[in-house]
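Annotation source TrEMBL lists Mn(2+) binding site at His44, His92, Asp177, His181. Taken from TrEMBL, the feature domain 'Manganese/iron superoxide dismutase N-terminal' applies to 19-100. Marked as domain 'Manganese/iron superoxide dismutase C-terminal' by TrEMBL: 107-207.
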Amino acid sequence: MLSRGILAPALGYLGSRQKHSLPDLPYDYGALEPHINAEIMQLHHSKHHAAYVNNLNVTEEKYQEALAKGDVTAQIALQPALKFNGGGHINHSIFWTNLSPNGGGEPKGELLEAIKRDFGSFEKFKEKLTAASVGVQGSGWGWLGFNKERGQLQIAACPNQDPLQGTTGLIPLLGIDVWEHAYYLQYKNVRPDYLKAIWNVINWENIHGLQKVNHDHYTDHTLMIPAR
């Protein structure tokens, strides 16, 4: 379970914080083949995600020093690095659990009913999330989120590593990474082919669990991810 604040303003806890660590994958690097190959998964997890974790720890240490000194200018200057690396860590921690070698198909139960209610049908939902993900300019993420104020599912796209909740208020349920490092070695620059393939490994059980847990227990500064 990941239960950390996403970014400032709640960074006062840094004085007693524990360092972030790279989460283990719940499957082998080659488990998602042929849809996402092992080389991509290994580089994506052990290099890219690891870099976000390491840089987040370094940035938080610098932020702690700035807090101790009362250096507001330094605190402000560190915000972009906190957002980028903190977002990268949060986003990928969700992404790995959103995927499964036993995934694909359609969701069931309450999640499927919510999708039909808010998008008309599962196929229309897939089309809309795929279009939003294809349409991200440069690097970013396509998301299915939950809007607590409206009590509805909602699709959004975020640039770079902007965390969904921290920038839109939506609770993240399903994230699709459309940075080229997520697919280029296998799909080159043809993002639509990657997006077509990734539906075969979407872990609907995990997403349904996120929906249920976050619907009841979400707080403004805590992202609840059920244990695998």
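Heads up, the Cβ atoms here are built off N, Cα and C, so glycines get one too.
Where the annotation comes from TrEMBL, it is an automatic prediction and has not been curated.
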Checklist entry - For Asp177 (Mn(2+) binding site), which residues of its chain lie six or more apart in sequence with Cβ-Cβ distance below 8 Å? => result His44, Asn91, His92, Phe95, Trp141
Next on the checklist: I need the neighbours of the Mn(2+) site defined by His44, His92, Asp177, His181. Which other residues of that chain put their C-beta within 8 angstroms of the C-beta centroid, in sequence order?
Outcome noted: His45, His48, His49, Phe95, Trp179, Ala182
Checklist entry - In the domain 'Manganese/iron superoxide dismutase N-terminal' (19-100), how many residues does DSSP put in helix, strand and coil? => result 58 helix, 1 strand, 23 coil
Next on the checklist: With helix taken as DSSP H, G or I, strand as E or B and everything else coil, how many residues of the domain 'Manganese/iron superoxide dismutase C-terminal' (107-207) land in each class?
Outcome noted: 51 helix, 24 strand, 26 coil
Checklist outcome for this item: Across His44, His92, His181, listed as binding-site residues, the smallest other-CB tally within 10 A is for His181
